[in-house]
Each structure stands twice: as structure tokens, then as C-alpha cells.
Amino acid sequence: MPRKKPFSVKQKKKQLQDKRERKRGLQDGLRSSSNSRSGSRERREEQTDTSDGESVTHHIRRLNQQPSQGLGPRGYDPNRYRLHFERDSREEVERRKRAAREQVLQPVSAELLELDIREVYQPGSVLDFPRRPPWSYEMSKEQLMSQEERSFQDYLGKIHGAYSSEKLSYFEHNLETWRQLWRVLEMSDIVLLITDIRHPVVNFPPALYEYVTGELGLALVLVLNKVDLAPPALVVAWKHYFHQHYPQLHVVLFTSFPRDPRTPQDPSSVLKKSRRRGRGWTRALGPEQLLRACEAITVGKVDLSSWREKIARDVAGATWGNGSGEEEEEEDGPAVLVEQQTDSAMEPTGPTQERYKDGVVTIGCVGFPNVGKSSLINGLVGRKVVSVSRTPGHTRYFQTYFLTPSVKLCDCPGLIFPSLLPRQLQVLAGIYPIAQIQEPYTAVGYLASRIPVQALLHLRHPEAEDPSAEHPWCAWDICEAWAEKRGYKTAKAARNDVYRAANSLLRLAVDGRLSLCFHPPGYSEQKGTWESHPETTELVVLQGRVGPAGDEEEEEEEELSSSCEEEGEEDRDADEEGEGDEETPTSAPGSSLAGRNPYALLGEDEC
């Protein structure tokens, strides 16, 4: 038996460190030097992804990675549809951190809030989306997959060859997710492109419009979702902007949670959360408009009378219901047939299939992550049938739902198209998972330079001895002041946890409680015209912002005084186990504190 060699404590420590690094997937062995809680969250960079075998994708960050020991018993890979984004270099992250500490924030003018789609996507450039290459039934599955991978690598190579990483926004690098889009477009008779009304230009890729209306010859319906989060005049202005530039579009306004007329319109009530009214999904605004758009497209080729009858029943039920709670609405109504299409994206089915087959119209719902695709389906059905989450990438694969025997809905996973948007704006749009952001401070600075965050949250400058004195603010100061106000401290040193505070501010922005709305070109000059537009008045009445309150249950507002509730929301988002709604602003109904978090009613010392 060989003699045992001495093994020092230092060697043992190094062995354990190497073992932990291997488990975390760190190839370079770098570890964060920070001893704070924020440093522990930022310490990992994702493993280099070379699964596609090309140098174009050698700096890919894989988000929502699930622990897996290989394929499951049925050959299912839980990480097959995870988000793939280009990874920021460590030098770039450190540079942005320094800028967040040093750069003084200056408010921008209203003209800088105007977004032109030609500046974001540059139609006609290489900022396109990957198309499924030509194929034939004589090809095997392996040949088809190999051809698609080569085509996808060429697509990525053209984009990265034309633009530097600093100019490009985050966009999807996972071929499996693009295959889901191909399948949805091939099986759909009508395509719904869902966008967020706060920044619809961000969610509207012109290349998809040209492909759907031109090459496929399908009707495209643009859904401006979450209209309760924007002023009615701005909603009408965006509607006319898209009608003017894309005449083949059918534009529909939608929200799953119409604003209650008794909800105060005070922008300073950021920390107020409204209790959700009962039968919330049946109150969705927009199903009637969507039905009229589909009737104009199908022109009698499909019998949609059952859909109209369903909408009438939902409206009658919402009027009759006494708001007894969400449990009641989950049980009401007929069952909805759900089909999970986990591997259908790999099937070689062409887009030339029969339209309105068997008298059924298939409506495909596509769009960016976190724009409310799943919430829209719940609003159309009238109750919760689709799991929704604030975390982008929650929908892993497309599913089909029969709204009525003649109407089939198809929910596609969210996809990020390549553009030239600032990455900070993408974070504020909810495209990137907030819990996995390496450097959230510049996004906070981007937000604070466009809306008065300090005034809305009543923040006190961390270096101010006199509260009435004026001090210059930087993004780091705002995060530190919010951490002090909320009591966010690091675990060991009890310093202000600025990383957690920055994440909290970004969640408020994504949820709509810190609402940042962008405008179409020329809106600032014509704001008065849009405010007096007849469609604006009609939308105000439709949303229920004016008029009698009605015989509904009273709503209560409770202030977010406990940090435990917000921490619970953060954990649910990070683990992707939360099934909260994608829209939870002040104006939207929200469930009670006790219902959302059993620890929210405890005092600060009991958490």
C-alpha cells in the first residue's frame, strides 16, 4: 500500500474552491473580490457556450439554467429553450459601474422620449430574424437540423459582422426558440403581435411584419397591450402611428386589468398596491375589438358566433359577479382543451397548409418576453389557463388552447429580435431577467433621467445633512438612498445593499408602478391635439376612468411597508416558480398582502 502524502489545510481549501468553481461552470476561475451581498450575486459569469461549434456564439450567457444530469427518461432537456444572450465582458461591466458612481444624472427633454422605429431596427439592414431554410420531405431529421444550424450560424455571423457588440442590443441566440416561432407561423391563420403600450416600437420588428404579410400572406394583428399603464392620448397616438406606417395592420387595444375609476391617478402613489377585484380576467378590455378584427379578416369563412356568445357571457358574468375572489373564477366556465407542442417545432410542416382547416381559425400569439402574451390568452378565455410570471422566458414552448370549438389560440415563447436599442431600455422593458442582471445601476440611471424617481419615492440624498439642500444625484446615490429607505442591508457588514435596491427599483419600473412611457415622433408638439381627439375620449370611457363607480366591492390600498413581501416576490421571480400576473401596477388590481405572501403581515422584527 503506497504511503499517504501530507495534505495541508491550504491544499484542502484550494481543492474545495476548485470543486465549487467546477460546479458553477466557471472556466476562468475568477471569483468576485467583494464581500457584500451584491458581490455574491454578481460573482458568476456564465459558462462559455460552444454547443453550436462556431466562433460567433462563443460569448453566450445562458439564462434560467436548470440543474440537469443530462436528458430525462423521455429524452427531454429542461434547458432546451433557455434564453441565450451575448455575455457582457467583465471590463464593460466594471466600466458601467464606475459611470453609475461618477456620472451626474440630468433630466432629458420630452423630445428624447420619442422613438422612431427606423432608428431602432433600420429596416432593410441585416437586423432581420432567422428564417427556416428550404427543405424537402426526402431530407432526414438530422439533415434538416444540420441545415438549420448552418443557416442560423450564417445569420448570426452577418449581424455580428455588421455591428459591434456595443451597438447591438440583447437578442435571442438559441436556435431552439426560433424553431418555436417558425412552427407557430406555419400553423397560424392569423398572427397576433403583442406589444407593450409603454414602448411598442421596442416590441415591433418590421422584418416580422414584412415576412408575415408578404411572404406568408397572413393577416397581422398588432395588439397594444397594457393600455391601462399609459395615458389615453398616448395610446391613441401610437395607434395612429402604426396605422400610418403599416397600413396592412389591424390594431387592437387590450389590457387584462382595466383601470378602476376609483383608483387615484396620483403618480406619487408608487408604493401603493391595490387589492384585486374578483373575476378579474373576465374584465379584460379588448376581446370585442379582437373579435371584430378577426371577423374582418375571415370574411365569413369561419363561424365566429360562438366566440361572440362567449364574450357576451363573460361580460354578463363580470357584471353579475360580486367579486368573491379568484378561486371562484378559476372554477367557473367550461374546460379548455390544452395541447402542449413540445417537439412540434422540429416537424417539417410547411406554411402552405389549408387555411381555416375543419372550420377552425388558428390564432398565433407572438411577441417579446414579458409583453403579456399569456395574460392576453387568460383575458380572452376569461380565467387563468396559462401560467404567467414577471420573469421573461417563463413560457418554454408553445401551447394551443381552444377558446371555442372554432377558435384555437397558440401561445409562443417570447423572442427578442436584434435591434440597436440601448440595453438599459431592454432591461426596463422587462426583456432581460432582473434577478440575473450583472450590473443594474446604469438601467436605474437611464430611468431616473427620464422620470423623477427621487421625487416619486421621496428619497433623501445619502450625503445630505440638510434635507432641504440640493445635491447632485448619480445612479449609485439613488440605489443607496432607496436601500436606506427600505432597510436593505448586506448580510455580514450591514452596509446598504445597493444591488438589491437597484433590482427593487427595476421591478417597480417593469411592473408599471414607476411608469416610463415613450412617445411616437412628433407627439410633444401635437400633445394637445391627441388629448382632444375623439378616440381619446372614447378610450377614457371604455377604460372606465370616468363615470359612476358601480356596485363593486371596495378596494383597499396598502403601503409596502415591509421588505419581506418584496423579498418574496424577488425569490419567486428568480426561481421562476411564481405565477403572479405580468401586470401589477398601481392601476391594476392586485391581490391582498396576506394572499400573496403569508409573511407580509408580520412586523419587521418578525421577518
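For all residues, glycine too, the Cβ spot is worked out from N, Cα and C.
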Among S51, S146, S524, S587, residue that the record in Swiss-Prot marks as phosphoserine: S51
Swiss-Prot annotates one residue of S38, S324, S532 as phosphoserine; which residue is it? S324
From S32, S36, S55, the annotation phosphoserine in Swiss-Prot is attached to S32
Consult Swiss-Prot and report the residue, out of S34, S40, annotated as phosphoserine. S34
Look through S268, S561 and state which residue has the annotation phosphoserine in Swiss-Prot. S561
Would you list the DSSP helix, strand and coil counts for the residues of the compositional bias 'Basic and acidic residues' (15-26)? 10 helix, 0 strand, 2 coil
For G414 (GTP binding site), just count the other CB atoms lying within 10 A of its CB, please. 26
Secondary-structure category, per DSSP, in which N225 (GTP binding site) falls: strand
By Cβ count within 10 Å, point out the most packed of the binding-site residues listed: D228, D411. D228
Helix, strand and coil residues within the compositional bias 'Basic residues' (1-14) as assigned by DSSP: 6 helix, 0 strand, 8 coil
